[in-house]
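Engineer: To start, I am sharing the structure in question, which I have written as structure tokens.
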Amino acid sequence: MSLLLGPMQQHIPGRKSLTDHSDVKVLMPKERVFIPLFAGPVTKYDLLVSEGDHVDIGTRLANTKSAFDVPLYSSVSGTFKGLVKKPHSSLKPQLHFEIELDPVQTSIQAFEPLNWENASQEEMVSFMKETGIIGQGGAGFPTYVKYLKPQGIHTLIINAVECEPFITADYKVIMDNVEDFIHGCRILLKMSTGKECLIAIKKTHPDLIDYVNKEIQKEGLSDIKVVPVPDVYPMGGERTLVRTLLKKNFKRLPAEVGAIVNNANTAILTARAFEKGEAISKKYVTFSGEALNYPTNVLVPVGMSVAEILENIGGIKDNLASCRLIAGGPMMGKAMVSDQICIDRAMNAITVLKDEEEPAMTCMRCGRCTAHCPVGLQPVRIANAVKMNDVAEMEKRGAMQCIECGLCTYVCPSKIQVTENVRKAKRTLAMKNRRGN
Ligand code: SF4
Ligand code: SF4
């Protein structure tokens, strides 16, 4: 950690007006979906359907296994054609369920709802595991894991900040489902064993703050509060959020300082699972960026291809080769080489920008990257260690703590891809840890 901590955050133009006040487009694929088996670090799976089987919306397709197990349900009804490898937003080809759609969609209840007000904490966690809900904040980690054995938790933080530029999917999903949102907060609060739930929303969205506050008042809740937070990046990062709301720093997990953090859409999915027996099937996804003809939010089944969605919303201004297609937002998202990737259960945005990267100049040792790092790292020192292939120095400088927020690259006046170098350091250290030397 740097001794000279700077602002550790930065205001970034949000470009939210491109999509936040236009209608959400509801789309269905013409013929088929490809549902990624992969979400989070899946290593093994048990297939529960065979080629040629008919599936409904809500049919359990597989039990996936990683460090933690989580089931996967179908987002459409149709015929299971088999598992195929396709490009994926993890940057590696992954297995996908190919399902040919029925002309008329049919659904079943994925599981029996649970009367959560009467259920014990253990019953709620075990139910949560069966719902297959994974975190909607990006990493796609199974949600139940955070609630397994909560100790000393006093605060549940619901992250509705959406600090990445362009993305408005959470804003839209809350606006359309505010009752489910508040029910989800209540369920997660009970499961967390905490005393209060703080919903963090940017001050620049007063309409959303007002709307959520009215719903809280309508339900007469005193343990759930909205906390308006400044419009700075990365306010939606767990560390920055916990530091802002609780004035505390943690090393590895928010639970160390008595908090659990979940994304806003995770709360909505939780309410639907507990109260209606629904698994994740449809997703709000923001398609935005200057390179699109008509930026918009879409509501689509998991597994619809990005190429088909782009075709339905008016496409790209120029051509794909002259653009940067990013899964996620421009700061933390991953650049894709193909529009054949499909919407997965954790994805909330596709950003398409003109490819106009400026050439890098020499580092002028201004220290801006260090002053702005929300984790308190010295990114330029890590980048130098990467150039020298000095693995011990990468470790000493704490490269593995980097949350890949992209801020060091954003603030660098020399246009150096600092974040990319820190990512390389993380990959080098991960490989070293796997080899065990
Ligand atoms: S990308 Fe990593 S090193 Fe760079 S500012 Fe963000 S957390 Fe710090
Ligand atoms: S912000 Fe850029 S120029 Fe300044 S110290 Fe960091 S890498 Fe060097």
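Heads up, the Cβ atoms here are built off N, Cα and C, so glycines get one too.
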Engineer: Considering the [4Fe-4S] cluster 2 binding residues CYS402, CYS405, CYS408 given in TrEMBL, which of CYS366, CYS373 is annotated for that site as well?
Structural biologist: CYS373
Engineer: TrEMBL records CYS363, CYS366, CYS369 as [4Fe-4S] cluster 1-binding residues. Which of CYS197, CYS323, CYS412 is assigned to the same site?
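Structural biologist: TrEMBL lists CYS363, CYS366, CYS369 binding [4Fe-4S] cluster 1, and from CYS197, CYS323, CYS412 it also lists CYS412.
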Engineer: Tell me the residue counts in helix, strand and coil for the domain '4Fe-4S ferredoxin-type' (353-383), as DSSP assigns them.
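Structural biologist: Secondary-structure composition of the domain '4Fe-4S ferredoxin-type' (353-383): 10 helix, 2 strand, 19 coil.
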Engineer: Take the domain '4Fe-4S ferredoxin-type' (392-421) and find every residue of the same chain, 6 or more past its ends, with a Cβ under 8 Å from one of its Cβ atoms.
Structural biologist: 1, 9-10, 12, 233-234, 237, 239, 330-332, 357-364, 366, 368-369, 372-375, 377-386, 428-430
Engineer: Given the binding-site residues CYS366, CYS373, CYS402, CYS405, which one is most crowded in terms of C-beta atoms within 10 angstroms?
Structural biologist: CYS373
Engineer: Can you list, in sequence order, the residues of the same chain other than CYS363, CYS366, CYS369, CYS412 whose CB lies within 8 Å of the CB centroid of the [4Fe-4S] cluster 1 site?
Structural biologist: MET364, ARG365, GLY367, ARG368, VAL380, CYS408, VAL411, PRO413, SER414, ILE416, VAL418
Engineer: Of CYS373, CYS405, CYS408, CYS412, the binding-site residues listed, which put a C-beta under 6 Å from ligand 1? Please answer none if none do.
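Structural biologist: Correct list: CYS373, CYS405, CYS408.
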Engineer: Across the domain '4Fe-4S ferredoxin-type' (392-421), what are the DSSP residue counts per state (helix, strand, coil)?
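Structural biologist: Breakdown, helix to coil: 17 helix, 0 strand, 13 coil.
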